Amino acid sequence: MVVFRIRASHRRRYAVLFLFIAGFILCRYIGLPSGRNLSRKEGLSVNSSQFTLSGEPFRIIGGSLHYFRVPKAYWKDRMLKMKACGINTLTTYVPWSLHQPERGVFHFHKQLDLEAYLNLAADVGLWVILRPGPYVCSELDLGGLPSWLLRDENMKLRTTYPGFTDAVNTFYDKLVPKMVPLQFKKGGPIIAVQLENEYGSYAVDNNYMDFVKQALLSRGISELLLTSDNHEGLKDGGVNGALRTINLQKLKNEDMMLLHFLQPVMVMEYWTGWYDGWGDLHHVFPPEDMVAVVREILRQGMSINLYMFHGGTNFGFTSGAVESPSYKPIITSYDYDAPLTEDGDYTPKYHLLRDLFSREKLPEMPVIRWKEGYEAAIMYQHLSLWDSLPFLEKPFKSQTPVNMENLPVNNGNGQLYGYTLYETMISSGGSLKSGNSIRDRAIVSIFPDSILTLSLLVENCGRVHYGKTLDLQRKGLIRDIFLNNKPLRDFTIYSLDLNPAFIDRLVFSLKWLETPALPLAPSFPGFSLGRLFVDGYPSDTYVKLPGWSKGVVFINGQNLGRYWHIGPQQALYLPGPFLNGGINEVLVFEEHEADLKVLFEDSPDLGMTVDIQ
């Protein structure tokens, strides 16, 4: 008999080695989507009756959750709540406009760290359907397309026009290599990739969808390809080699016929609610009506993706606008009447869905986060818009009006969002006519001096996100303005995009010291500055502005978005991660009139409601 003896020192070494290997295996595999032990040779595919994943029957129970609408600190919380509801697949758009705000400038870090987001989804146990556009709609400004594309006066968006395809190729050269290693067959969570978005409703170029397909395939995308269209666009939105899916909310007879024709089918967007426009009521979809349709879709053996599962917020100036029946901008909240509220709370829809999806044991529901009402911020200082002009970039002189996108700012990429101030000298008053030259709203001011100064502060309220006028979404003054039937000339133009660099210069300026107290009659448009004190660890809260009219709120330099007294939204969501323990700077740009304080309360106010018809 041979006896092997291991010295104590060697045993310790082997134990450390074993723990290292075991730890590596656990970190590599534990928490990844269920089915991680499946063979990765065959991804998501379709046979005559169902989806399969790695050759095994698979039904997609999906939910849309957008990383760019949720603070990074809350990504995991929202994903865990998806998992606890029975969702197995996360879907997300990729907004080109945010990832490439300028030609040659790409952002894939912090809030836009898409790789971290998808890896976190895998850790939580969710598969992913990626929707990388290039156009995504999603009620985003210009449907997620970068506005600098419109500097080309001949631009034809969503076509094979070379100026557009060249830009798409440049973006995909940066985006797709980051996504390729995260595909299912390479060990990642991505099981499918969507081509464009609802192209059948646009359909102006028969070669375009094939271009998008080849652009992805040639860069290494190898998972199942999908297209997504509503009922009207389904016929024209497909492309060979991609599975057609449908978007809907209520099951009409014609939809049922299409679903049967398309089987095996996926409802790529089952609309759990709807978005709101400024001046509308807040749209709601009764929970019982929603779950009845979901139950019927599942009964027929179909897969489904809930759009939205959690809507989140259109922070900053990211929200779009509708063109029909008339132009109307989208509100800041993207609550969407979804199963999870804007701040991540559970709703009756969530509980009904959880009951419907609970054929197997589900994880425990994560606790909801505490909301806090804070003492009001007293706005103790004020600067008029004209006092703040020295903190802007140098103004631009032009004989004629220049639209926002063609201004020589942002390294030759034009102005993306915000306001543009046009000033010119006039010799007398009279009748001012704009025709349709102002996009979208203008505040007109006259300053009497030896020569009168006429100022037009023009706001981009949001570029249209859907429809066939995308090519026409230039903002600011897009044509001549007439005074007494004569076109105005010799403009001084200021770009007021309210970007972080400007906000920092403004907040920390000594200019405030020249007006140490709030004037008795503040001049508007203008900026008001105050402070919010947070005792201890910051919690979520809501900014409410009774007595204010219309403008934008910044907390510690973070643009929370627009507010407007016409509603329906009457409070802006302020996530706890945007706050500091102690003193927080509150800056408000108000266009018309203001109160002396800003309130912080523990509950939302999305306004009066109306049922979706």
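Note that Cβ sites are derived from N, Cα and C of the backbone, with glycine treated the same way.
Those TrEMBL annotations? Automatic predictions, nothing curated.
These come from TrEMBL:
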- 14-31: transmembrane segment (TRANSMEM)
- 50-358: domain 'Glycoside hydrolase 35 catalytic' (DOMAIN)
- GLU198: active site, proton donor (ACT_SITE)
- GLU269: active site, nucleophile (ACT_SITE)
- 449-497: domain 'Beta-galactosidase 1-like first all-beta' (DOMAIN)
- 533-584: domain 'Beta-galactosidase galactose-binding' (DOMAIN)
Local Cβ density at GLU269 (active site, nucleophile) - other Cβ atoms counted within 10 Å: 26
Summary of DSSP states over the domain 'Beta-galactosidase 1-like first all-beta' (449-497), given as helix, strand and coil counts: 3 helix, 21 strand, 25 coil
Average pLDDT across the domain 'Beta-galactosidase galactose-binding' (533-584), rounded to a whole number: 98
For GLU198 (active site, proton donor), the number of other Cβ atoms found within 10 Å of its own Cβ: 23
Whole-number Å value for how far the residue listed as 'active site, nucleophile' lies from the residue listed as 'active site, proton donor' (Cα to Cα): 11
Secondary structure tally of the domain 'Beta-galactosidase galactose-binding' (533-584) (DSSP, helix then strand then coil): 3 helix, 27 strand, 22 coil
